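Engineer: The feature substrate binding site is assigned by TrEMBL to A:ARG38, A:GLN39, A:ALA40, A:GLY41, A:ARG42, A:ASP87, A:TYR165, A:SER220, A:HIS334. Annotation source TrEMBL lists domain 'Uroporphyrinogen decarboxylase (URO-D)' at A:33-42, A:153-169. The feature site 'Transition state stabilizer' is assigned by TrEMBL to A:ASP87.
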Number of protein chains: 2
Amino acid sequence: MNVTPSTESSSSATAIQSRFLRACKRLPVDATPVWLMRQAGRYMEEYRALRTQHPILELIKQPDLAAEVTMQPIRAYNLDAAIIFADILPPLEGMGLNLEFIKGEGPVIHNPIRSRADVEALRLPDPTESLWFTLEAIKLVRKQLDPRGIPLIGFSGAPFTLASYAIEGGSSKNYLHTKGLMMSDAPTWHLLMEKLSEVVGNYLLAQAKAGAQALQFFDSWVGALSPADYREYILPHSRHAIDIARQGNVPIIHFGTNTSGMLNLIQEAGGDVIGVDWHIDLDTAWDSLKPETAVQGNLDPVTLLAPWPEIEKRTREILDRVKGRPGHIFNLGHGILPGTPVDNVRHLIDFVHEYTSIQH
Amino acid sequence: MNVTPSTESSSSATAIQSRFLRACKRLPVDATPVWLMRQAGRYMEEYRALRTQHPILELIKQPDLAAEVTMQPIRAYNLDAAIIFADILPPLEGMGLNLEFIKGEGPVIHNPIRSRADVEALRLPDPTESLWFTLEAIKLVRKQLDPRGIPLIGFSGAPFTLASYAIEGGSSKNYLHTKGLMMSDAPTWHLLMEKLSEVVGNYLLAQAKAGAQALQFFDSWVGALSPADYREYILPHSRHAIDIARQGNVPIIHFGTNTSGMLNLIQEAGGDVIGVDWHIDLDTAWDSLKPETAVQGNLDPVTLLAPWPEIEKRTREILDRVKGRPGHIFNLGHGILPGTPVDNVRHLIDFVHEYTSIQH
């Protein structure tokens, strides 16, 4: 199945009015926009029902199913943006890595990268061929979202985070192999990161062309590094990927965790919106960034498992720290955890809107 | 076996001249002092040999064995401080929790705390009875260290880090149970933390009385929290424990990881020296603290598995950022990893001394 890259405008007339896209540009909004990382997923009954019939990679690779999962939280709550249902790892498959999701263990790569030859063998596929299913899902979802005036976010794993999975062969605690390659063989490291940044940049650009109205660059695990290593071994490659994606003319959200000590470097690599996890006060984080920056965050995801008064208290504190500065997108500091009660999610979204509405 | 609390002065005449203790007080030093978290342990052949004969809790609970392990790295390298061989978890045993170290899994607590009744049942034992073995080991080690002029560091897990093990029953990724208790039952949380802070404070004070010339307060996992939660649920209890320990009149090192966004709060809780992991530039961290602060850190432990030129490059960068400010203790940002080559450890310690010596 082939997907012809779309040439349609990346933002529809309705969507440009959306709170989410306005906040990305730091324009005034009638209430703070909210979306939640992993807003579609295991905590929702509708999703679990689908998962009993389809393995996760099937949900991702069948565009109609990916579109359905993307829409589940949109139908359930008053969210201000949808995010395409996909995963950060499929881009590695097209490069030649064998990806499998193993129950109870998570993602596993059966042929991890360990040598120069492994890196040289990596292919740079055209995303319209290797990742056609996500691009097709984006088109399907846009048809359902546009009448609602809700914009769609596309995303990709960032080069470092993809490299860490590709090298470790799965998730990791200390990133021994990843940092080992980085510290012991800089030329091979940079070759790998160059290849990944091309793939990531082109994938993001293809998503914008397919209809994604914003793009999130997920560097989830980059906080494992020191700022000095980030600057030397990651930043140029993240910047290259983001520069390619910028040709899509849609806002880019640059997200990481445990980055409190290097948010300025994350920004230097690029992005219109900087994601902030919960390990730093949002205003402190914001003050460390350039004045024209929008920010996204920063509630601890565990909070959503607490009783409502505790959720409200912590949400209110974040919103009070923002004090009406333009360009805040409310979100968790990382993805929703399995076991999160859906009523808490609904209540949170409504509370953020109510508390920040112009009538407030 | 009973241990009479010692009334001897906490620092000997030789030790007061030590680089390490001078740096804790921000006095001039002839070279930057170095010690390394987990400097005794699995990466050393001598240690692995002992471990084939004794389970880890036996090494900790037999004072002569604990003293021997403490001395192994002191004999092998030019370290500026020893740290008593112990673990952060034994204080929980005296409170009534059943601790076991399971091969391949790490520490497990068989009766984790989940209810108010569990917290109420916790005992507050006298550390000279429940933890006599570590106090006795401190006395034995001091006899071997004093002739060398090398000071001894005692330590304890901090209340939050101990609470997280006590509640989760072992190590954790998301701290769901710990944060769950904290967010859903504040009175029980505070009762637990009050009990832990008493136990921790008294244990640290007992170590100073037994001869420890500095104390490290290990809040290894506190970076899992938001600054707001730290301020409300942790800080008062950490401060209480540190206030008790301060009666020992020895410098206190306050250590955590992933605390880049809340180092000021860590300092507010107390400590003469603030531990800084590798996720923030050391000078940036230092600038966020009060001017009279000493700091400890901040090399990524994975670095020690890299080729020497890479280790030297990163070590040099840290030392250059310090630029001769008084009060820097060189250390890793967390413990030495298993598999670290001993030659790299030796070379690192010598390099720090050489590079920072007054002749430099």
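Numbers run from 1 along the shown chain.
The backbone N, Cα and C atoms fix where each Cβ goes, glycine too.
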Engineer: Pop the Cα-Cα gap between A:ASP87 (site 'Transition state stabilizer') and A:ALA40 (substrate binding site) into the table, whole Å please.
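Structural biologist: It is 12 Å, counting Cα to Cα.
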Engineer: Across all protein chains in the structure, which of the recorded positions A:ARG38, A:ARG42, A:ASP87, A:TYR165, A:HIS334 has the highest Cβ count within 10 Å?
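Structural biologist: Checking each of A:ARG38, A:ARG42, A:ASP87, A:TYR165, A:HIS334, the winner is A:TYR165.
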Engineer: Summarise the domain 'Uroporphyrinogen decarboxylase (URO-D)' (A:33-42) as counts of helix, strand and coil residues per DSSP.
Structural biologist: 0 helix, 1 strand, 9 coil
Engineer: Residues of the same chain, at least six outside the domain 'Uroporphyrinogen decarboxylase (URO-D)' (A:33-42), with any C-beta under 8 angstroms of its C-beta?
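Structural biologist: Those are 18-20, 22-23, 48, 51, 69-70, 72-73, 77, 79-83, 85, 153, 255, 329-332, 334-336, 338, 345, 348-349, 352-353, in sequence order.
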Engineer: Count the Cβ atoms, other than its own, that fall within 10 Å of the Cβ of A:ALA40 (substrate binding site), considering every protein chain shown.
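Structural biologist: 24, counting other Cβ atoms within 10 Å of A:ALA40 (substrate binding site).
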Engineer: What is the interatomic distance between the Cα atoms of A:ARG38 (substrate binding site) and A:ASP87 (site 'Transition state stabilizer'), given in whole Å?
Structural biologist: 10
Engineer: Would you mind reading off the Cα separation of A:ASP87 (site 'Transition state stabilizer') from A:ARG42 (substrate binding site), to the nearest angstrom?
Structural biologist: 14
Engineer: Could you tell me the maximum Cα-Cα distance in Å between the residues recorded as binding substrate, namely A:ARG38, A:GLN39, A:ALA40, A:GLY41, A:ARG42, A:ASP87, A:TYR165, A:SER220, A:HIS334, rounded to a whole number?
Structural biologist: 23
Engineer: Average pLDDT across the domain 'Uroporphyrinogen decarboxylase (URO-D)' (A:33-42)?
Structural biologist: 97
Engineer: Which state, by DSSP, holds A:TYR165 (substrate binding site): helix, strand or coil?
Structural biologist: helix
